[in-house]
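Asker: This structure is in structure tokens; I'll ask about it shortly.
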Amino acid sequence: MTIEAWGKLREELIKRVGRNNYTTWIEPIRLAELRGPLARFEVPTTFFGDWVSRNFSDHILHQLNASGQDVSRLEFFVPTVSQPRAVRAAASAPAPGPAKPLPRLAQRRAANDDELPGATLDARFTFDSFVVGKPNELAHAAARRVAEGGPVTFNPLFLYGGVGLGKTHLMHAIAHELQARQPELRVLYLSAEQFMYRFVQALRDKQIMDFKEIFRSVDVLMVDDVQFIAGKDSTQEEFFHTFNALVDQNKQIIISADRAPGEIKDLEDRIKSRLQCGLVVDLHPTDYELRLGILQQKAEFYRQQYPGLQIANGVLAFLAHRITTNVRVLEGALTRLFAFASLVGREITLELAQDCLADILRASDRKLTIEEIQRKVAEHYNIRLSDMIGPKRLRNIARPRQVAMYLAKQLTPRSLPEIGRRFGGRDHTTIMHGVRKIEELMATDSQLNDDLNLLKRLLQG
Ligand SMILES: Nc1ncnc2c1ncn2[C@@H]1O[C@H](COP(=O)(O)OP(=O)(O)OP(=O)(O)O)[C@@H](O)[C@H]1O
């Protein structure tokens, strides 16, 4: 094949990669050399070559092979005056083994420096693998809605929740789904830390206009763990402008954080209020049913991985009862259990689980004390611990005290008289009254609900 013939051949790739990808990634590359099984392409930047190599080399190889070329290796290089620089040699065939994480977008054509790609998506984090239960059903429904990619109805979608409750999983699921439904959509997913890193890099390299252009040309922007930019003034400023520019163009934004926008300290008020403009939904701490559901799903996966390995009745229920911290810990426990059982070639029994997971179970057993609850609540409402226990009846003290009573009842196995004793020797009827008052208010007071959710998360880790 002549190098000129490549021009025709590459147009065939439109069918395989789509017009948008073709103009962005295929058109700018130039076939420079065909040497036996090796085809070498000139690319404008290192990043560009890397991107094409990772995402399109299979298609290019296929096309070359289909035209009768016996090529099995691609190389991409940035031309320099002296020696061409190899960027990265692509594998001759798709790598076997587990599905590769799908790399996300970078949206420019030729640039003369490294690009600004998004983060890698985890191929396992899909809607199919996300178990829905009461604590996450709202967040899941909102994520599904956004993933349908219809007209933007709420902007941004703000997902928040404690550590390991599935925020990142849902974000990735949205990105996968959007990409599957509309491959031409420019979806950029990255963590707030990466946003800052890219921003600082752009400042340093005097590439700030490129930075702005890339971030403002996406169709969907997803920023994970936005609390990270709290206290980082210029990053916040840039984030704010990016955010506004995209909202103005009616582009969907999806944000996650470990707490509600209003609770993120050192975040500018104007950003907080922007973040609250759309739909704010939280992932609540898991309940028993959800934990069991997740364990059942993962166990199913492991049964396929370790055929022949038996798991006794009641083991999953035992774990769901005992490991209440977060899903990541739960998953880790199950992974360890299966690995251990397959190593020793034994059935997974309750005894084996207790042995093998002793440390995790011990850590999970840590009992929350009423004193810890009082301290956290006092801190949250900015009152003195002594007032929490003392006799003052001022509302700004009495209400936090009732919140602490309510949480003590909810989160510890202590009886009302026991709780009363720890609240300065109050009678159990006073505690009951406090608990009821909070339950009543919860029906109407959304601020109180937010406070309770945050406190629960803080207390339960
Ligand atoms: N409902 C769920 N169904 C299935 N897996 C889940 C669910 N919730 C969480 N997980 C799993 O738990 C692990 C932790 O979830 P993820 O990373 O999404 O948490 P996160 O909320 O982003 O935590 P962090 O605050 O640490 O970033 C992942 O492996 C994820 O797949």
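Here the Cβ of each residue, glycine as well, is placed from N, Cα and C on the backbone.
Annotations for this protein, taken from TrEMBL, read as follows:
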REGION    1-91  region 'Domain I, interacts with DnaA modulators'
DOMAIN    153-283  domain 'AAA+ ATPase'
BINDING   Gly164, Gly166, Lys167, Thr168  ATP binding site
REGION    342-461  region 'Domain IV, binds dsDNA'
DOMAIN    369-438  domain 'Chromosomal replication initiator DnaA C-terminal'
Asker: What three-state secondary structure does DSSP assign to Gly164 (ATP binding site)?
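Answerer: SS state of Gly164 (ATP binding site) = coil.
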Asker: Measuring CB to CB from Thr168 (ATP binding site), give everything in the same chain under 8 Å that is also at least six residues away in sequence.
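Answerer: Once residues fewer than 6 apart are set aside, Thr168 (ATP binding site) is near Asp122, Phe125, Asp224, Ser256.
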Asker: Would you find the one among the binding-site residues Gly164, Gly166 whose Cβ has the most company, meaning other Cβ atoms within 10 Å?
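Answerer: Within the set of binding-site residues, the most crowded position is Gly166.
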Asker: Taking the mean position of the Cβ atoms of Gly164, Gly166, Lys167, Thr168 as the ATP site, which residues outside that list, in the same chain, have a Cβ no more than 8 Å away, listed in sequence order?
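Answerer: Filtered neighbour residues, in order: Gly161, Val163, Leu165, His169, Leu170, Ser256, Leu283, Val327, Arg328.
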Asker: How many of the residues that make up the region 'Domain IV, binds dsDNA' (342-461) does DSSP mark as helix, as strand and as coil?
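Answerer: Across the region 'Domain IV, binds dsDNA' (342-461), the residues distribute as 88 helix, 1 strand, 31 coil.
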Asker: I'd like the per-state residue tally for the domain 'AAA+ ATPase' (153-283) from DSSP, helix first, then strand, then coil.
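Answerer: Computed counts for the domain 'AAA+ ATPase' (153-283) are 67 helix, 26 strand, 38 coil.
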Asker: Might you list, by sequence position, any residue in that chain lying six or more from Lys167 (ATP binding site) with a Cβ less than 8 Å away from its Cβ?
Answerer: Leu159, Tyr160, Gly161, Asp224, Asp225, Ser256, Ala257, Leu283
Asker: Could you tell me the mean pLDDT the prediction assigns to the domain 'Chromosomal replication initiator DnaA C-terminal' (369-438)?
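Answerer: Result for the domain 'Chromosomal replication initiator DnaA C-terminal' (369-438): average pLDDT 92.
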